[in-house]
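Taking it in order: structure first as structure tokens, then the write-up.
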Amino acid sequence: MIFSILFKMRNVLVYYVFLSFISTAVLSLNFESILKNSENATVFHYCEFNKLYNFQANNATVPVLVFNKTENSTIYPARITTSSDAATAENPLLFAAWQKSQLTTWEVPRLVPSNKNLLYRNVTRTLCPHYVNINSTAHMDSFFITVSIDASNTDFTIRAQLVDDFVVDVGKPISFTVSPAHSQFYSFTFPDYLSSGVLRIKSDNSVCMSLSVQNFSCPVYDQENNLKFTGYWETITKSGGMLLTKEAFPLRVFLVFVVHSNDGDCSGHIEGNSGSPADRIKRVELEIIPSITYQDYLIAMAAVLIAFALMYIGAFGVFVWAHKRKERNELSEEYDSFCGEASVVTQTLSGADEVGFFNSDQLSSNTSTLARPRERIIKLCLNDLAKVNHDVMRRRSNLYLWNLMTIAIFYSLPVVQLVLTYQKVLNSTGNQDLCYYNFLCSRKLGQFSDFNHIYSNIGYILLGILFLLIVYRRHATEKKKATGIPQHYGLYYTLGAALFMEGILSGCYHFCPNHSNFQFDTSFMYILAIISILKIYHSRHPDINASAYTAFGLLAVVITLGMCGVLYISTGFYVAFCIFHVCICLFLSAQIYYMGQWNLDSSHSQNIKKIIISKIRSGRENYCRPEYPSRMALLVLGNVCNWALIASGLFFHMGDFATYLLAILLCNLLIYFSFYIIMKLILGEKILFQPLIYTVLALISWAAAGYFFYHKTISWKLTPAQSRTFNRPCVLFDFYDNHDIWHFLSAVSMFFSFMVLLTLDDDIANVDRSLIPVF
């Protein structure tokens, strides 16, 4: 994509140089000698500004309209309005405006090509001003307009007006109309006190229009076919904006507005009918408001650093408080009756029950024997699933961190290279449609066009480091013991490192956000969600957790699905993914229901069928009643939530599969986390004060973050012009918008969520593992 843009840039530059050469050659000729050598007779008419004239042209004479300089000094350009009801598209009137330094041509009527060709009999052109600096006091030079036609007598009208509202002032909105035959451009000069300003555009309809910001020089490119030759440009429907800086435009700038012949460039597809010429008229309101100063930049940036510094101080205070208090609670007496020796019920084909008991050594020697089709685990305790040597499990757990670091390095370096190239292409081409910025709150710094959205990811980085420090301190002070949940800290380190990398990759995405690099922003969110689910499962199943290679292999599948969803989005893809989603939900539900001691083989379904038939024939009551009602109820609720996600994906998330996939992972993380807490409470365990506070803070911050995420400021699944309708002004320090606040709050939310995972089972830290249930 980048190379194709550079290739087009080269072609445009060659064409621009060629036109400049031809224009210079023509204008170097003497205007009077051109008329003298013309085969047609010339008729001079001396005209005044602001008067409407009726003339006639034919193939025998060439009317020459002379507009002399005005009495008073002026910096206003001339706007020429021409019309003719007699001329046709086959034989149009050809107008040529001769100025001191350029030639401007147009024809009446103007045929605008589209699905339904539009014919404009009234055409307006604004001539480029003659002055070359803002302090010029010279009178306006004279200019000539010649009119020719290859037909008999053809009437036309012409009026030349001085554009007295040509100069745009800071903070003073102006309104005007523009159409394919009536392009407009205005001038803006930075006051001495202003180094940058935000250009705001509003309109009351969705007619496609382009805005171009060009340097103060002639010619002005104000037509649809040449608008992109120079300067910065973007497409607009109902609203838009652009940051103007004195560094990029040290003198005056021209603000050019051109309505397109159809809405294809703004809607993404060619409209079936462009309507009538009246339907392509667009009313526009333009305003330039001052941007913030570099001092304001420093205040906004420092305020965020101070806020996160307070979190560091608070974390240190909590650590000191928790260390002094050392709150550890024993389990209640119900655990004595819940756990003991693990029992296995063997169901014979006749329906009789045989209960056999196995000691812990037999269970640990081969835990897969517990998963035979004709056996069901009734009660399982943590000591039965925590037999592997501690050092072995520590090394396995650390593999998650080493795998993550390897992936992060190999993934992030090409990403950084790519986004820096994006930034260079954006700066060199001026194509503002390349990146989906919130142009009403886009703060430029150096070569970074959207620095505030890059900087706001600092929360992920700082809180990721803080969580790593907390985990390291907890790890260093903890003694080896055979009580409580086995704490293998590799997963915790992986969560902190992944949060850190989310800040790096999200910042890279915001160099130039668009649909092709959105995966940079979500890849480590996928990792965080899956690693969190594995950590919750690891708490009660320490020996049978997935290996690091399996986990990151699953992540590779998830990211591949995300890529396919972005590139090959279709209803068929969604249906196939939903079927896959249902199968995964059913499989995981069986795994959780049977506490990981369940296998799917060819004989399992037959055995289940025989057991159910045997119970029915034996006349037992409640033969369909689940052995674990509480667990079954929670799993049914979780499956209903996933089916709701499937339905919402089919009806509401078409075109944004990456966000939909992330929503599935986060919702399942929330479901499993809720399941874990509820099972703790059902089994008589406690939620201590510290994890309870973290839970409340996480819920509050997640709710606030969701609000700001929902009120988005861009949408890359739409076209750039449509995305600009979501652009909103800054809401915090005149530097951060809703999405920046989402960055801050989501970073805080994830940090508190990880702290909940770290401290949730502190209430059973001193309880013997033979008394801790598995669920």
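Using N, Cα and C of the backbone, Cβ positions are placed for all residues, glycine too.
Record features, source TrEMBL:
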TRANSMEM  12-31  transmembrane segment
TRANSMEM  297-322  transmembrane segment
TRANSMEM  399-420  transmembrane segment
TRANSMEM  454-472  transmembrane segment
TRANSMEM  492-512  transmembrane segment
TRANSMEM  549-568  transmembrane segment
TRANSMEM  574-594  transmembrane segment
TRANSMEM  632-652  transmembrane segment
TRANSMEM  658-679  transmembrane segment
TRANSMEM  691-710  transmembrane segment
TRANSMEM  741-760  transmembrane segment
Could you pull out which residues elsewhere in the chain have a CB under 8 Å from any CB of the transmembrane segment (454-472), counting only those six or more residues past its ends?
301, 304-305, 308, 311-312, 315, 319, 448, 489, 492-493, 495-504, 506-507, 510-511, 736, 739-741, 743-744, 747-748, 750-751, 754-755, 758
With pairs closer than 6 in sequence left out, are the transmembrane segment (492-512) and the transmembrane segment (741-760) joined by 3 or more CB pairs under 8 Å?
yes
Highest-contact recorded stretch vs the transmembrane segment (549-568), from 297-322, 399-420, 492-512, CB pairs under 8 Å:
399-420
Residues from the same chain, set at least six apart from the ends of the transmembrane segment (399-420), whose C-beta lies under 8 A from its own:
490-491, 493-494, 497-498, 501, 504-505, 508-509, 511-512, 517, 520, 523, 527, 531, 547-549, 551-552
